[in-house]
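Colleague: Let me begin by handing over the structure; questions about it come next.
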Amino acid sequence: QGRILEKTGLCSQITFGRYVRQGRKLGLDPKLLIQDLQFNEVPVRVYQPKATSDGPRRGILFFHGGGWVFGSLDTYEKVCRYLSRESDSVVVSVQYRLAPEHKYPAAYEDCLNATLHFLQHLQLYGVDPARVTVCGDSAGGNLAAAVSQTLAGSSGLPRLRAQILIYPGLQALDFNLPSYHQNRGVPLLFRERAAFFALLYLNGDALHMQEVLDGSHIPPDMRLKYRKWVSPDNIPEEFKVRGVKPLRPTDFIAEVYETVKRFCEPNLCPLLAEDSVVHQLPESFILTCEYDVLRDDGLLYKKRLEDNGVRVTWCHLEDGFHGIISLYDFCGFSFPSGKRGLDSVVNFLKSL
């Protein structure tokens, strides 16, 4: 498999991509104590406000984006510092293992194990057990949703107070939802790249990418079963104004399904979780961007949560695109709507 990756130039692409996105080491922060630790053998970076506090603080577990392939503690350093300072919270940024070297469920297991460790040791960090939130953007939003679902029914641990999902990717059944067509060529995430990353995370290679984009990878009966949750019919009309064309149905290819059938597991595609799980989820914050292939994943999950009686705060950036939050104060430039999105996350945290 490594050879296939090399032949296609994929290894060098990924190495280069990681290098470009690695972020710079920042100096000390006068307001924060920052430590690199290990939680259950998973590397984490803990941000704690230095100011004295009247009582225990909020705790936030942060899972970074990057398609499960890119991203590191350094890439999201500015975002995590900002969240910790502005919301006066203890932030734990998790360095989960990356694909394609580490396939699903490695990233999910790392995020879950780090979360479990933190929930068991909150007093060490002065964190209020009633106010712990999981938060992630893009692939990290996928991981936060999966961890939140896993913990929803568990007893014996503090219950999560909320989940914050920033333009999350939540399903790999349908790469032809309206937002996938409207924004197929909009940076920073093209339609092809979304399928490419999902396949790298699942299998460590991107074979059958075209069939997955066409939709030949899911059996008709399964498509029918999930249609109540994954369907353009559940997306408000105002999001379909920009050109959406109906697709000709493609033939199902059984051998492709054999290689990707784990796409139907909720730990990989949280939008497919049963109602019995969804209705136990904590209060939620979902951020979507108009110019983002993943916009409709967020809209569909918002509807599922609301249909199951979960309170949702929704922030939609009309002029936003995928990845805009991670560009906060990036190399000295920043997008006003990205800052607005980040501040809406901070305001949501302060309300908890």
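Counting starts with 1 at the first residue shown.
Cβ coordinates are placed from backbone N, Cα and C, and glycine is handled just like the others.
Feature list, courtesy of TrEMBL:
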ACT_SITE  SER138  active site
ACT_SITE  ASP292  active site
ACT_SITE  HIS322  active site
DOMAIN    60-207  domain 'Alpha/beta hydrolase fold-3'
DOMAIN    251-325  domain 'Alpha/beta hydrolase fold-3'
Colleague: What is the average pLDDT across the domain 'Alpha/beta hydrolase fold-3' (251-325)?
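Modeller: Averaged over the domain 'Alpha/beta hydrolase fold-3' (251-325), the predicted model reaches a pLDDT of 97.
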Colleague: Which residues does HIS322 (active site) neighbour through Cβ under 8 Å, counting only same-chain ones at least six apart?
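Modeller: Once residues fewer than 6 apart are set aside, HIS322 (active site) is near SER138, TYR167, ASN183, VAL186, PRO187, LEU188, LEU189, CYS289, TYR291, ASP292, VAL293, LEU294.
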Colleague: Can you count the other CB atoms that lie within 10 A of the CB of ASP292 (active site)?
Modeller: 28
Colleague: Tally the residues of the domain 'Alpha/beta hydrolase fold-3' (251-325) by DSSP class, grouping H, G and I as helix, E and B as strand, and everything else as coil.
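Modeller: Reading the DSSP string over the domain 'Alpha/beta hydrolase fold-3' (251-325) gives 31 helix, 19 strand, 25 coil.
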Colleague: Per DSSP, what is the residue tally for the domain 'Alpha/beta hydrolase fold-3' (60-207) in helix, strand and coil?
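Modeller: Looking at the domain 'Alpha/beta hydrolase fold-3' (60-207) with DSSP, the answer is 62 helix, 26 strand, 60 coil.
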Colleague: Would you count the other CB atoms within 10 A of the CB of SER138 (active site), including those on all shown protein chains?
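Modeller: I get 30 for this one.
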